[in-house]
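Quick look at what TrEMBL lists:
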TRANSMEM  B:6-31  transmembrane segment
TRANSMEM  B:43-63  transmembrane segment
TRANSMEM  B:69-91  transmembrane segment
TRANSMEM  B:103-122  transmembrane segment
TRANSMEM  B:134-154  transmembrane segment
TRANSMEM  B:166-187  transmembrane segment
Amino acid sequence: MGTVLSIVVVLGLVGAFFGLILALANKKLAVELNPLIHLVEDVLPKGQCGACGFAGCMAYAEAVVLNKEVSPDLCIPGKKAVAQKVADLTGKKSLEVEPRIAYLKCSNPIATASKKYFYSGIQDCVAENLLHFGQKECRYGCIGLGTCVKQCVFEAIQLNELGLPVIDSAKCTGCGKCADACPKKIIQMIPPDAHVSVACNSLDKGAVARKACSIACIGCGLCKKQCPYEAIELKNNLAWVNSQICIEKCTQAVCLDKCPTKAIKSCLNKVAKGLAI
Amino acid sequence: MNDYLLLFIGAVIVNNFVLTRFLGLCIFFGVSKNLKASVGMGMAVTSVIFISSIFAYGVYNFILVPLHVTFLTTIVFVLLIASFVQLLEMVIRRYLPALYKMWGIYLLLIATNCVVLAVPLINIESNFSFAKSLVNALGSGVGFAVAIILMASLREKLRLAEVPKPLEGLGIAFIVAGFLSLSFFGFSGMIK
């Protein structure tokens, strides 16, 4: 009986003592956190992608509430709706968030492209790029080891069976993490309603580019000449589409038929239907 | 002095808690995926072990022994460590926000960890003096940090290796930990 009593007393007292200390500490040491931070965090998509430039959604919520200079429209995946909600919560003004999605400027998968050598090292694009810019003949093309796939927190990119990343435009939020991770800087962020885009990144002269890849942009300038709205310009042997002009004015997309290598591709229907591009 | 040095080295290497006594494996595998997190975890565990050993020594010698209830040691220590970690978390959050950002989240993870409980219990079992139990606690904490940092460095390298599909992830981590443990067993018997 004595033992039982001592157990109850000792454990009870020790427990009560610690409980009291914790209760007091909870009162005395309470950290006041602005409740607005939690409200803002609830609004954010919580992909923790870091596209806003902060360490995660919580860090951005804290910054946008506490720091006057942090803009409420930094969340790119959240698009306009989230920017508006954050702006309402924090009492800041939201600017337009340009929606955008990732687009791969290469359409020749590693399986079919001509190669300089056979690579069997670390299975990562950055590593392969260090060795003579990768095994592809074309030094600008997609390496196809999926560094972008690993980066995507929204699971919007997948390698197809030929080793070319396919971006699911329905899932892509436009955070741009893949574009930063790609050692070839081959992923371009384009507006989701873009009509056409050049699926090539080669800055080589026409003959060299053509020799390395049959569907390369050879910089011939035919598309530029054909476009009635001057939406295409030629820089460093590569055609660039100005999507803004293209979306506003173009209706027939003559450039698609004129391209001799079919490097310029339509991305209109696919995006509208939420398909991969 | 020699005694203390031997005790310290013994706790770090020879009787390494993770690699030769297999305690604290859950955080050892859970937090060893990247080096930065494992350094934070190592520091958190070391400080918690060290400070809770001080409290445990006091509670044991000034409460449990005089009242003849030493059979309650384990349960009282569980209580002690759990509430102490809670308290530490609050104190750090209030007064050292920078440190809290670094290892605040790890603190609550180790509130009920077996390494933290084992060290004070072993101190008492081996009848260590106050100074000796402090040295042992510090050594054990450093030993844990060494083990988890080694493991994290290995796992960071492992990420670039081609691992057979069935062993990917935790499987290969267990195998690597096994080898690491084998090599640490090489030290056994060096210090008795």
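Backbone N, Cα and C define each Cβ position, glycine as well.
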Here the stretch out of B:43-63, B:103-122, B:134-154, B:166-187 with the most C-beta pairs under 8 Å to the transmembrane segment (B:6-31) is B:134-154
Could you check if the transmembrane segment (B:103-122) is in contact with the transmembrane segment (B:166-187), meaning 3+ Cβ pairs under 8 Å among residue pairs at least 6 apart in sequence?
no
Restricting to CB pairs under 8 Å, which listed stretch, B:69-91, B:134-154, B:166-187, is in contact most with the transmembrane segment (B:43-63)?
B:134-154
Quickly jot the same-chain residues contacting the transmembrane segment (B:134-154) by Cβ under 8 Å, restricted to those at least six beyond its ends, or write none.
4, 7-13, 15-19, 24, 27-28, 31-35, 37-39, 41-43, 45-50, 53-54, 115, 119-120, 122-123, 128, 173, 176-177, 180, 184
